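Here is what TrEMBL says about this protein:
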| type | residues | note |
| --- | --- | --- |
| ACT_SITE | His284 | active site |
| ACT_SITE | His330 | active site |
| ACT_SITE | Asp385 | active site |
Amino acid sequence: MARTFASTPAAHAQSLKDRMAELIPKEIEEVKAVRAAYGNKSFGEYTVDQAYGGMRGIKGLIWEGSVLDADEGIRFRGKTIPECQAELPKAPGGSEPLPEGLFWLLLTGEVPTQEQVQGLSQEWAARAAIPKFVEELIDRCPNTLHPMSQFSLAVTALNHDSAFAKAYSNGVHKKEYWKTTFDDSMDLIAKLPNIAGRIFRNVYGDGKLPAIDANKDYSANLATLLGFGESKEFVDLMRLYITIHSDHEGGNVSAHTGHLVGSALSDPFLSFAASLNGLAGPLHGLANQEVLRWVQKMRAQIGEGASDDKVAEYVWSTLKSGQVVPGYGHAVLRKTDPRYTAQREFALKHLPEDPLFKLVGQIYKIVPDILLEAGKAKNPWPNVDAHSGVLLTYYGLHHQDFYTVLFGVSRAFGVVSQLIWDRALGMPLERPKSYSTAAIKKMFEGK
Ligand SMILES: CC(C)(COP(=O)(O)OP(=O)(O)OC[C@H]1O[C@@H](n2cnc3c(N)ncnc32)[C@H](O)[C@@H]1OP(=O)(O)O)[C@@H](O)C(=O)NCCC(=O)NCCS
């Protein structure tokens, strides 16, 4: 059984909001100092090709929670994934970090105490209920509507009760924006398990949903709502899954979109719904669904226990038909994604003999050389999406169309952390300059 938080309330532990209130004035001063010292430094030159090429490599965003190194991978407030696994609080009996702790870390840069993560679990459980009309909205969606579209609709509708939107229309001072952004963000994270669980049970089950348990941590509740709460290993997988999928600096589509939409002072529900719509694309979060489909199609075509040559042939056939190999490549990373490695280690510990895991391992040996030989992809190594589906499938969550919803639940942690800081630091409306091809010709012709 998933471990429950027993009877010690976190009443005397400092709350996250109180800690933020202490940190924000210091950070405002820090940003002022950085801008005074380096504000007129060049961030580097960039070319017309970069404007046509999806702005790769252009440094144009501030993102406090995490920074991605091309070779080393992600660091959350300076900590690698293995460091987070070692240092963040765990539930008694659990061996993966609690996402509650990661959220605290993303916001404050500090590792919380056991009591503080317990306080967050309890607060999220207390805020978890979703309005009746949102339940009905989800229930009225046809089962054929993709779970990500249902997810995005439901999150958009939560804006009905946005504390930020209400405060704004009541004329709140801009210095206070972060407070209601924080409240909405806590509500948003808290309500996601009920939304995800309801979509899952409607699409794949009988629509009946168990209640949130105020004594359980966030991942245990999410697992229960999905129907997998009895498996201690699945609950631990959810903790790891949410932690590693939470944040991947600011330039990826979902993070950047949330930040962009938030810069118009759209509330966290509207901003995060926009993130979800970006996450639902196959080059971004939907890749986890695509990977499992691709791997299963491969298995159906070449059979179980196929030779390396057969696997290689299948990979080449994918490339030759003008498709990407899902789960491989990355816009920033140039090595194996440590989020892939963390999931591989989980699999080696819990399901080393699983045939699908073995196939995923075999693909890992074969694909990078092929992508290098094909000569197009700048990064031939696997990303996070190459591994998540096999773990979920092993525990019985084989509903591929749902995978990106779990990614979305996780990504909320990173997106709202930055939204809170955006409002605390008074970040302005985002508005880069664009040009037409004709304008570029005019600018450079004859020069
Ligand atoms: C993630 C991804 C979108 C990054 O795109 P990017 O930054 O433009 O990548 P690159 O600069 O390496 O792309 C250069 C070329 O290699 C191709 N390429 C990149 N990754 C590839 C892959 N996994 N399989 C086949 N071709 C690939 C690109 O499609 C592009 O081809 P083009 O010039 O014909 O348009 C890309 O690697 C991809 O499509 N991967 C598969 C989908 C996936 O796993 N997404 C999840 C990412 S976390």
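Note that Cβ sites are derived from N, Cα and C of the backbone, with glycine treated the same way.
Owing to the predicted nature of the structure, the values given are computational and were not obtained by experimental measurement.
Structural mapping of features recorded in TrEMBL.
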residue: His284; record: active site; Cβ contacts under 8 Å, 6 or more apart: Asn252, Val253, Ser254, Gly278
residue: His330; record: active site; Cβ contacts under 8 Å, 6 or more apart: Asp337, Asn379, Trp381, Asn383
residue: Asp385; record: active site; Cβ contacts under 8 Å, 6 or more apart: Gly285, Ala287, Asn288, Glu290, Val291, Pro326, Gly327
Name the secondary structure element type, per DSSP in three states, that contains His284 (active site). coil
